[in-house]
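J.: Take a look at this one; I'll ask things after.
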Amino acid sequence: MVVDHSGPNNSPDLKFNNGRVKNQENIDLNIKSGSLDNYEKKLDAIENGSFPPSKEVADFEQAIELTGYGKFHYLLLVVCGFVSTSEEMDVICMSFILPSAQCDLKLNTSSKGWLNSIIFIGMMAGAYIWGSLADALGRRKVLIVISFMNALCIVASTFAQSYGVFMFFRFLNGAALGGSGPVIWSYFAEFQPKNKRGSMLSSMAAFWTLGNLFVATLAWIIIPLDIGYRSSWFLYNSWRIFLAICSIPSVLVAVFLFFLPESPKFLLTRNDHKKALEVFKQIYATNTGNDPEMYPVKTLVTKSNAVEHDSSKKKSFKSMATDVGQNTKMIFMPPILKYTWISIVINLSFHIGYYGLMMWFPELFNRFDEFARAHNGSEQALVCEVTEFVVKTGSHSHVDLCSDKIESGVFLESFITVAAAIPSNIFAVLGMDTLGRKFFLVFSTMASGICAVGLSLITNKRQNLVVSAIFSSAISCGNAALDCLITEIFPTNLRATGMAISMVAARLGGIIGNIVIAALLDLYCPLPTYIVAVLLIGGGLLCLLLPNTTREPLT
């Protein structure tokens, strides 16, 4: 156990080992309520959770509860939520661009699959690096760099005039974006008391739906417009303008993050108790309107396994690399190894289904619309028959037949699909801390797996819309539950690294989902829908092997 006294006397740190006090001559017994034995008993009581959270000495959970819950946490929710919003916008926007850009960039179904996937390849490369750096340097600094880099790469990609250059910038975009997921979830969770963590993490997950709605709305408004600049050598049309606008949230959150503190939980794991206490005071003052010095906690207690760290010294590159390597090694060692592998498998299977279908819905809507126009709107056909028509005799049959015309109804259908996730997100926010993470994840994967099978049986645009909307709604609350569960199973000093490795698996799922869907949709339809169903249901049931983290303290 390590204690830091940051009161007005600025007493030296106290170090306890198995109940024995070191450097007793430096202890001010007056500050310790007049009795060293009583003070040791207080510390023991705090460590086992039986000490009331109203005294001057507190651990993280007690300290964060004493800050109150109010303005700071809701402001934090908005800023962190918009990080998730910008991430989802950058990923999903490609599904709206594909039908519009297919003529400009000379895309076929295979190249569309790779364009959908390249951002995930970049995210795989970036997730591990950024996540490990966040465990070594801190969450906030890394998030600011990521957000600015992400916006820059998006804007640069809008000027690309060829498929190869566009792919390159999308990869860089993914490399920047890859760190935002694991880092922002770790950062946000480490400000939350245990009784609020599930609902607040679910609230942040709802910002993914907000990102989907933003993208669908912007695409509906901007892409059909005949705007931009055209010349014999340069083209900057509506879908490029749409993509540039999607970079704005990244810029905004980078600016907002400058005004937020570092995670106090992270600071405590680095033994930087003084800064952690200042953060708690800042949170307390914002929530209550009181003077920061009125915050009751004067001494912070941490477990004895906190990482020794001198915050006054800048870390060398070699030292950072050592930290990154050590964190990675610990993630793949017992007792954490079991949780690491389960989280990898769940994220892989879940995101094959999530991105494998969600990112192809606008394309499917467009194909049904093309089929209906060709048959005067009266012909009904299975999704596989529609696909066969588009590939063999429709717009995908020959490059010279390329058409980037998209009816406004396609955007309306896409908007309805993503908007269907709003009720399930509200349900997740209200029930995550009562029904639990596992309930939502199992329910979601079961329901969305059934919907995946149902896609192979639809025969018209309306049925396609209904099934797609139910799929979107079901998988959305499962996504919130998965993010909560994976965030909470890793200890604080390894949380961002563990989340990053899980996110690598998630991005690999996105790559496999898009490439497999792209390849099989045209060749072996309806096999992709059955693959997605099996993976979703199997991955969801696997979560039953993980510990219950609902209303439990962060380790």
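Backbone N, Cα and C define each Cβ position, glycine as well.
For reference, TrEMBL lists these features for the protein:
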| type | residues | note |
| --- | --- | --- |
| DOMAIN | 74-551 | domain 'Major facilitator superfamily (MFS) profile' |
| TRANSMEM | 113-130 | transmembrane segment |
| TRANSMEM | 142-160 | transmembrane segment |
| TRANSMEM | 166-188 | transmembrane segment |
| TRANSMEM | 200-223 | transmembrane segment |
| TRANSMEM | 239-260 | transmembrane segment |
| TRANSMEM | 339-361 | transmembrane segment |
| TRANSMEM | 410-432 | transmembrane segment |
| TRANSMEM | 439-459 | transmembrane segment |
| TRANSMEM | 465-486 | transmembrane segment |
| TRANSMEM | 498-521 | transmembrane segment |
| TRANSMEM | 527-546 | transmembrane segment |
J.: Honestly, do the transmembrane segment (239-260) and the transmembrane segment (113-130) touch, with at least three Cβ pairs under 8 Å and pairs 6 or more apart in sequence?
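T.: By the criterion, they do not touch.
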J.: Determine whether the transmembrane segment (113-130) and the transmembrane segment (527-546) share at least three Cβ pairs under 8 Å, counting only pairs 6 or more apart in sequence.
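T.: No, the transmembrane segment (113-130) does not contact the transmembrane segment (527-546).
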J.: Using a cut-off of under 8 Å between C-beta atoms, tell me which stretch among 166-188, 200-223, 439-459 contacts the transmembrane segment (527-546) the most.
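T.: Comparing 166-188, 200-223, 439-459: 439-459 has the most Cβ pairs near the transmembrane segment (527-546).
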J.: Verify whether three or more Cβ pairs under 8 angstroms connect the transmembrane segment (200-223) with the transmembrane segment (439-459), leaving out any pair fewer than 6 apart in sequence.
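T.: The transmembrane segment (200-223) and the transmembrane segment (439-459): touching, no.
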J.: Any chance you could find the range in 200-223, 410-432, 465-486, 498-521 with the most Cβ pairs under 8 Å to the transmembrane segment (339-361)?
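T.: Between the candidates 200-223, 410-432, 465-486, 498-521, the best contact partner of the transmembrane segment (339-361) is 498-521.
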J.: Which sequence-distant residues neighbour the transmembrane segment (200-223)? Criterion: at least 6 residues beyond either end, Cβ under 8 Å.
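T.: The answer is 73, 77, 80-82, 84-89, 92-93, 96-97, 100, 185, 188-189, 192, 238-239, 241-242, 245-246, 249, 406, 408, 411-412, 414-415, 417-419, 421-422, 425-426, 428-429, 432, 476, 479-481, 483-484, 487.
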